[in-house]
Amino acid sequence: MSARRRRRAAAEQDEEEEEEDEAAEAGSDKEVDLEERLHELDLRNDSDIPDVPPPTDSTPEILKKALSGLSARWKNWWIRGILTLAMISGFFLIIYLGSFMLMLLVLSIQVKCYHEIITIGYRVYHSYDLPWFRSLSWYFLLCVNYFFYGETVADYFATFVQRREQLQFLIRYHRFISFALYLTGFCMFVLSLVKKHYRLQFYMFAWTHVTLLITVTQSHLVIQNLFEGMIWFLVPISSVICNDITAYIFGFFFGRTPLIKLSPKKTWEGFIGGFFSTVVFGFIFSYFLAQYQYFVCPVEYNSETNRFVTECEPSELFQMKKYSVPPLLQAVLGWETVNMYPFQMHSFALSTFASLIGPFGGFFASGFKRAFKIKDFADTIPGHGGIMDRFDCQYLMATFVHVYITSFIRGPNPSKLLKQLLILQPEQQLSVYKTLKSHLVEKGILQPSLRV
């Protein structure tokens, strides 16, 4: 009897093992089928993406004739070089014109970058027949800019707003007005939904909002950095530009080892050469800018003269100090101490980010363009592509600088607090005064006999 039971148990065990093997085979078959379906879906999506018409050659005729005898490689080199010098010269001119012109420049770049990305979505997804798509895209751009620039006005121009009764209402209810404007656009989008285009319309709705996040939010941070002092605007931007130029030069002449598959022309030689060049440039450029109030003072609006002013007593970051040279470097440099501005040490952090992490913004943009089978975002700048092709790294840099300032630099700002107090009603100001007085008395800073 026991032998019969053992045979039965063995038979049942064999059946269970066979079932497990069949389940495993079925599971593996399902995994293979899933991989095949995903691969087919990926191929199908790639085939669904139409070939965007190649950008036209916008190179001026005078340059074409002057460079006609060169190879394509060297022709591109000279075109990029000449246009780069022209853009840098124009940038210096705008710096000379002041902070307000720099803000307009940032706004113009933001609008152009937004236009380039929206146009790509418009072409790739065949959005020609979608009702209200372009109108709603630009409407949302206006809404988001209204919100961010309104916040800037309320934060930095409080005294100016206080003198304008018509602006006080807009500032007081700014966020409610911004939300109402956005809600209007949202309702318009829902009303525009068409039965045959639901999925495509939601694609483009998401495309629009991601584009707003990339362009408008980052450009707002650029302006926030500018208000902290023009040096926080110029050093990061110039570091990215320097890294882009020097990495291209080192890669052009010495590049042999590919860096990343997303950008086949990027090489390790260019990446490393760009890093060291950018760090040296940032250190020297910071030393030059730190000597002038025009670059180091926070940008403020003078309501009496109706002008932006950059006059202040420079903070400790921009006052020359003596530092001891590490013992290991003393033998090499022959110096025991060195005089430098504290900001130059911060410039090392900014330059390092610009040369090591900043390029990943360009790699991201390269992956984006490859995903949609385009060479450049546009053909606005001959030899360079679109505006977004030149500023793909700048937006990532702007976010880092803003986080860096708020984390390691910015402290309590008495002037901003005073501006907020001046907006309060007289009884509110008196309440704040009494609270502050009692606090100072407890600290022993004021005598208890003082009265209001």
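In case you wondered, yes, glycine gets a Cβ from its N, Cα and C as well.
Nobody curates TrEMBL annotations by hand; they come from automatic prediction.
TrEMBL annotations:
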- 1-33: region 'Disordered' (REGION)
- 12-24: compositional bias 'Acidic residues' (COMPBIAS)
- 77-97: transmembrane segment (TRANSMEM)
- 132-149: transmembrane segment (TRANSMEM)
- 169-191: transmembrane segment (TRANSMEM)
- 203-223: transmembrane segment (TRANSMEM)
- 229-255: transmembrane segment (TRANSMEM)
- 267-290: transmembrane segment (TRANSMEM)
- 343-365: transmembrane segment (TRANSMEM)
Among 132-149, 229-255, 343-365, point out the range having the most Cβ pairs under 8 angstroms from the transmembrane segment (203-223). 132-149
In terms of Cβ proximity under 8 Å, which residues at least six beyond the ends of the transmembrane segment (132-149) contact it? 107, 111, 114, 118, 122, 174-175, 177-178, 181-182, 185, 188-189, 192, 201, 204, 208-209, 212, 216-217, 220
So what's near the transmembrane segment (343-365) in sequence-distant terms, Cβ-Cβ under 8 Å and 6+ beyond its ends? 231, 235-236, 239-240, 242-244, 247, 260, 262-263, 266, 271, 274-275, 278-279, 281-283, 285-287, 290, 296, 317-318, 377, 388-389, 392-397, 400-401, 404, 408-409
Report, as numbers and ranges, every residue of the chain located at least six residues beyond the transmembrane segment (229-255) whose Cβ falls under 8 Å of a Cβ in that stretch; write 'none' if there are none. 77, 80, 84, 88, 95, 99, 102, 222, 265-275, 277-278, 281-282, 285-286, 289-290, 294-299, 310, 318, 343, 347, 350-351, 354-355, 358-359, 362, 393-394, 397-398, 400-401, 405
